[in-house]
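Asker: Submitted below is the structure of interest, expressed as structure tokens.
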Amino acid sequence: MSASLDTGDFQEFLKHGLTAIASAPGSETRHSPKREEQLREKRAGLPDRHRRPIPARSRLVMLPKVETEAPGLVRSHGEQGQMPENMQVSQFKMVNYSYDEDLEELCPVCGDKVSGYHYGLLTCESCKGFFKRTVQNQKRYTCIENQNCQIDKTQRKRCPYCRFKKCIDVGMKLEAVRADRMRGGRNKFGPMYKRDRALKQQKKALIRANGLKLEAMSQVIQAMPSDLTSAIQNIHSASKGLPLSHVALPPTDYDRSPFVTSPISMTMPPHSSLHGYQPYGHFPSRAIKSEYPDPYSSSPESMMGYSYMDGYQTNSPASIPHLILELLKCEPDEPQVQAKIMAYLQQEQSNRNRQEKLSAFGLLCKMADQTLFSIVEWARSSIFFRELKVDDQMKLLQNCWSELLILDHIYRQVAHGKEGTIFLVTGEHVDYSTIISHTEVAFNNLLSLAQELVVRLRSLQFDQREFVCLKFLVLFSSDVKNLENLQLVEGVQEQVNAALLDYTVCNYPQQTEKFGQLLLRLPEIRAISKQAEDYLYYKHVNGDVPYNNLLIEMLHAKRA
């Protein structure tokens, strides 16, 4: 699709352009653009009466090219085409994301087209020359306004003081300018340039990947065990008589849970603003320009909402986006969670006689139930989530509770697991062979799928910072229907995506595909969680899992 001009812009160009040409005196002396810029800088410190008026210049602005053809699916090894072998797509829907195919970079100082890396970052030729002359000539400018002049392509020459200040603010390096006035800069910023290029390439890949949104993702190709599949099919008719809405459940287990102080009703704290953060009345749209907000923009829209770029120092030894640091603050204290769950299980076992002792599967269900309590507590106290109203909180949790459980289990194995063992939430290592010898084949197959995912994530060097990002991406799913504040959910998802991308590129530069590989694990986690839900439902209908626990309440709420 060829580039085109908006009718109003074109008419404005004709009007001002022809007027400027008609009124231009024929005897006016014209300087080269470079000379004209130098003269303007020289006059910057003079009083107003000595300044020549700057004629208004109209510029023909070409709108960015928009691709009409949606990008293809991105495979795990970076090619376009079909999904990885262990995934299949049952149905999908294209979302019309507009994006510039070439992702043309704009100068962070004035917004003009960049010409390359100059003194620390991508800038245009004009700002490059201005910065070099200012530093080499040791110029000192003054601002006749309030030192906050707007600097853009059409006004960058009006106030050199504010222009130079913005050059420094956006990251141009004084030490990169050669003092000997020779051409070329100091070649000590090569690693930073290389990392920046890699980051931009990853962003391009993300944008293309986000151009295709899967409306529904099927399960992993490996089918569920035949006995589980047939059992689920056979119980559908019998299950129609089960209550699928919220029912009055016996409060015994909930009362004893160390994570709650009252019978569980999934009640969330009232809607309140985050302390220290601006309210989320606006998030950028999903258009390409705002999907990765320019940290240097000073427009009102860009200043609203939470920006992970704040305080993000790319030159630190291990760069961590500020948003990820905030997400880490929300993480529960793991030893405390372990102690609470262990105390609960010991109390539970002591209240039973020898004949009523829990089976291996029953004990694992109790652990999962208490882990789910801790996950709900984590969500309730987390940044962004507590900004949502209770109804939206309920919908998000009911949608992803099983995925969060699976992700929690998998990360625990990646971080603490040992070869041939399963690391339980209680902090104990149990032999893998011991568990599979006391549970059914269907459960063992689910455990095997999870362990395969553990191996893949270990090979990616999956760490806690990436784990918290994936948790928030799972929790803030824009696929949930009837959300009142969908804009906030989408905005959080976009910002966490961007923070995760920056983190992986800056901290794992040797793994160029890590970001994409991590995102590809999310559909696999969802597929495993779906099978786990079906298995849990099957066991529940057979009477192996009681009603009075959070697992079953959430299971019924999701199926309602």
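Quick reminder: no glycine exception, Cβ is built from N, Cα and C everywhere.
Keep in mind that this is a model prediction, so the values were computed, not measured.
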Asker: Determine which of Cys127, Cys143 appears in Swiss-Prot for the same Zn(2+) 2 site as Cys149, Cys159, Cys162.
Answerer: Cys143
Asker: If I go by Swiss-Prot, the feature motif 'FTZ-F1 box' sits on one of 189-208, 229-248, 509-528. Which?
Answerer: 189-208
Asker: Just to be sure I understand the packing, how many Cβ atoms besides its own are within 10 Å of the Cβ of Lys539 (phospholipid derivative binding site)?
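Answerer: Neighbour count, Cβ to Cβ under the 10 Å cut-off: 20.
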Asker: Could you pull the average pLDDT for the region 'AF-2' (547-558)?
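Answerer: It averages 85.
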Asker: Around the C-beta of Tyr535 (phospholipid derivative binding site), how many further C-beta atoms are within 10 angstroms, looking at every protein chain?
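Answerer: Tyr535 (phospholipid derivative binding site): 20 neighbouring Cβ atoms within 10 Å.
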